Every structure is written in C-alpha cells, then in structure tokens.
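Among the features that Swiss-Prot reports, Zn(2+) binding site is placed at 146, 149, 159, 162. Per Swiss-Prot, ATP binding site is recorded for 335, and the stated evidence type is sequence analysis. If you look up Swiss-Prot, you'll see 572-673 marked as domain 'tRNA-binding', on the strength of sequence analysis. Annotation source Swiss-Prot lists motif ''HIGH' region' at 15-25. What Swiss-Prot records for 332-336 is motif ''KMSKS' region'.
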C-alpha cells in the first residue's frame, strides 16, 4: 500500500509527426507506460502526458511532397500514432499536438519572459542557404563530415558517431539534404537563448541526482567544452510558431517541442476541473515531474529545457530518464533485412503484450541498448507467459468450475502466499527505480515456485480419489490465489491480460488487495488467456517489413511514367528556336487557376507568355531568373491576352514543376542548341 499519495506528471518524448511509429519508438512508450501504470496501481495521482511533435522543416517539406497542407498531414499522422499507441495498450491521460493554441501561448509566454529577463540575444549570423531551393537550411538538412571525428554523412547539429555538437557551418564538405546542392553562406538576423548564463544552476541540478550517472558524466564533458548560446530562430518558409516580436522569424522546433509537455497538460487541465496547471508547473510546485527520453536527445532535455524553465520562472523536472536504442538480432534495425519493423506491422501479426513483456524483461535503469532477438523473444514469451504464468491457471481453474461449483476454498497452509507477499516491496522498488528486468525475474521465480507446487501436488491425480477432494480443492484454490498475486504484480506490464484475468476471477486486481482472503469467492469458467508465439508470425512480420522496403526501393522511373515520344528528324528539331530569356516581370492572371503572365526579356525584345506554372511558383520567386523559352512558336490568342511563346519546365505537374534555368554566364537572347 502506498504510504502517502504522490502527485506525479510523467512524459515520453514527443513522436515526430512525419511518419509511422516503429518498434524502436515503442521501447520508450512501453517503458513509460509501465512506470505510470505502476504508480496508479500503487494509488498515486499520476498523469501520463504526450503529444505529437508537429513543427519543423521536415514536416513542411513532407507535406509539400504529398501536396497537402501541413495541418492536414499532421492531423492524419496523429490519428495513426494514437491508434498504434492505443493498440499497444499505451494509456495516455492526454495526447495532444505541439501545433495547438495551448502550446502557442506557452511558447510565447516563455520566450517573452526570457527576453524580458535579458536571456535572449540578437545577432546577425551567416547561415547556410540552399541556392536551388531558395531557403535557409536547418541543421538537420545539412549533411557532411563531422569536424571532430571525421565520420561521414553526419547531420549539421550533432554527430551520431562521437556525440559531438557543432554548427552546420563547421561540417566538412557540407551538402543540402534537400537538393544535394552545395550550400552558400547568407546573412540573417537570429535570436539566441543565453544558455551560458545558467551554467552554475545546471551544474548544481546535475549534481542533485536528477540525472542518471551516464547522463551526468556526459554533461560534465559538455561543461568542460563550454556552453554556447543556442539559436532558437528559423527563417521563413517554416512550419511553426512565429516569434511574437519578429515577423518572418519562427521558433526553432526544439524550443516549442518540450513546451509541448506543458501544452498537453494545459489541454488536459482545460478538460478537467479537478486539475490545476500551476500545482504541477509553478516554481514552488511540490508535485513530481519526470521525463522519459531516448539517449539521442539528452542535450536538449538536460541543458536547454531546464535552463528555459528556470529563466521563465517555472519549476524544473525532478528527473530525466534516458534509455538506449533498440537493435534487432544484434544489429541496427534494417529495412533490407526486414528488421525495421513498424508498430502496425507487428500489431497485424502478434499480441502487443508479448513485446511489452519482452521489453520489460530486458529494461534496466541504465542507458543501455536493448536487443530484440526474435528467436529469444519467441522462446521467452512461450516459456514465461504461456508455459509458467497462464499455465498455472489453465491447469487448475477447470477443476474449481467443474467439481467445486466455481468457488475457492480457504487454504489451510498460507506459507506460499506469505512467500509471494513478502516479495511485494522488492518488486515495487524495482518498478519505481525502472529496474523492470529485475522485477520480471523476481516474478518469474515466484511463478516457478507456484508451478513446482502444482506439479508436486498433482491435483489431476487427487481429484480421482474420493478422499482427496478437499485436498484437490485447496491445491487448486491456492494455485489460483498465487496466480492472482502474480498477475497483479504484472498488471503494469500486461494490462490486457490483467483485464481478462479480472473478468475470469471476477474481482479487481489491486496492490492494496494482494493479501485478500478469497475463501468462498466464485470465479467464472476459465477461457484461454494467451497463445504461443509461432515462428511463422515472426517470419510474416519480417517478410512484410522487407516487402515494404522493396516497394519503396523500386518505384516507377520517370521514363516508366512518361515514355519517350516517337523519333523526330534533326530537321524537325532545328525548326525550334530555343532562347535564353530573363523573366522581367511575373504576375497573377485574374480568374486563371493555373496561369502566370510572364514578360520575357530576350536581350532587346520582350515577349509575353502565359505559363501554366502557378501551382509551383509565386510571381515574386520568378522575377529576375533566367529560363529557356521557345521563341518562334506562333502567337496564340487567349482570353487573357496574346501568348507569344512557351517557357520550358520539367515535372509531373502541380507543385512538382521546375522551370529550366541555365548556368551562370548565359545571357538573354542566346540560342540554345
């Protein structure tokens, strides 16, 4: 029993709203869900909060590729995410989005408090700019060689190989991840968060025990290197929140993403009159706040986030808990091997509680990678859950229903029950400290004891003897009571199984009732609770995951979609007069959905052309550009005016159209030949 009720807010890192959830992601949500369910089982007030991380350039570009508005895309992805989580029995108290009114208000509030406190600095910087896409490149959209360890193909903000953080301008041989072009430097004004001003506070917070030792050690290295001011600005075009006092400037996604924890909780408070936002987030809050994250985002959660909260007058989290990555069969998740498994692919083939248990059995409080060995997975689930746990009930419940009117006997010898109850505090401590693997080992050791008791007593033999009926009744009742205790211990890990067992035993499984006397209690007829994992199901998952990759790796080529036309003679081609033209003016055409009106300078002569490129270009983006036109096309009278030629463009249409642009040095009027 919980000695006193705690107020707890727990979060998982926000999944990014540009793609599906996979089994690597699921480790964190399963870990957090188990911990939150345990706190609730112990009688504490615990709120598990999450949201989709819905801002940033990747989402903007993905939406463009799909010819969707970003808002439409993130709503669709959020629906898919929530269904995957629900089917994995992840029990959020609230799942929201960072693209919300609550988050916008809180992000603005925190920014303005930091600005007014003198923690926001403004300066002009030189930033990498994609000359082909006419956009500044976020850190993650520049790739190159790490300046520290020389690992190739690293992102512009940190190195996956050595963990170093740096500016994208520090990369060796940088390339735009959007177009592949070599970026150029361009000046822009940005706002910076003064992280070094919080160094003393962060050092003290690190020493307070709020972080795992591995995290604290890593922070020590970062302190030695010296903290840097943090760029919190992104230039348009960008999908996110505009900075209140800076039109055309947007908050970097990593500023408003962690604020999404607060935004989601604020949304929950708005739905419930019994919750007070300030009780959890005010500076003097006595509630507990915990963040579960992956080891790849430690820097943001252990430095920027607590410093932002401190500077804006909010409380800091009690602890930040990091976990490692998921490997499959001892190697990095691989699409080519079929081990990059989406949550939905798994759910289509296997019970989600199998994975919940397997992850729990291998999780500890350390930041270690966890290997999902698929053969071991099948063996462990079949041995522990089917062979030990469920088998305990399946071997004894039938006798209670058929021979003893479905009622449990009072057990004369309570020594086994006392042994099981004596482990409650140790198991609770393992859950509390996130040593789930140790908890599972304790529980399965008890299951072994219970199964040995049943095997030795052999109730299937006792029921055959007239004078052994009471003994058989007691053995089966004892076994089912031990089964009840085991499933109660496992309830945070296996909530659906626990629900089914509650229906079978016709009682609620609670930690406070572990020692409850069940003599005379009536149970329902036993129904199968779990099936064995068959390797054919695992093979189907691998096949489906590999098949998905093959489809992705072999799209139809442009030539498949648009075959080359029939041959023409050179004389036919020579009739075309292709010329370089400068777009002197571009403007919208009233009442025309697809056309822009272009004035094309041929170096002494101007031609007017109506071009069907409105879906891909704004007029202001075209003016001054060089392009290629068919100069000797017969004029065509249109209802908007006379069109005196044609500009050349490539692409299937809509947003995917690109006008041809000659290399530097070409001049208006030059013939293309």
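Cβ atoms here come from the backbone N, Cα and C positions, even for glycine.
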Other than 146, 149, 159, 162, which residues of the same chain sit close to Zn(2+)? List them in sequence order, counting a residue when its Cβ is within 8 Å of the Cβ centroid of the site.
147, 148, 150, 151, 154, 160, 161, 163, 164
Between the residue listed as 'ATP binding site' and residue 146 (Zn(2+) binding site), how far is it from one CA atom to the other, in Å?
25
DSSP composition of the motif ''KMSKS' region' (332-336), residue counts helix/strand/coil, works out to 0 helix, 1 strand, 4 coil
Candidates 146, 162 (binding-site residues); min other-Cβ count within 10 Å returns 162
For the domain 'tRNA-binding' (572-673), how many residues does DSSP put in helix, in strand and in coil?
7 helix, 49 strand, 46 coil
Which one of the binding-site residues (149, 159) has its C-beta surrounded by the most other C-beta atoms within 10 angstroms?
159
Overall pLDDT for the motif ''KMSKS' region' (332-336), taken as the rounded mean
88
Here the 10 Å Cβ neighbour count for the residue listed as 'ATP binding site' comes out at 15
When DSSP is mapped onto helix/strand/coil, what comes out for residue 159 (Zn(2+) binding site)?
coil
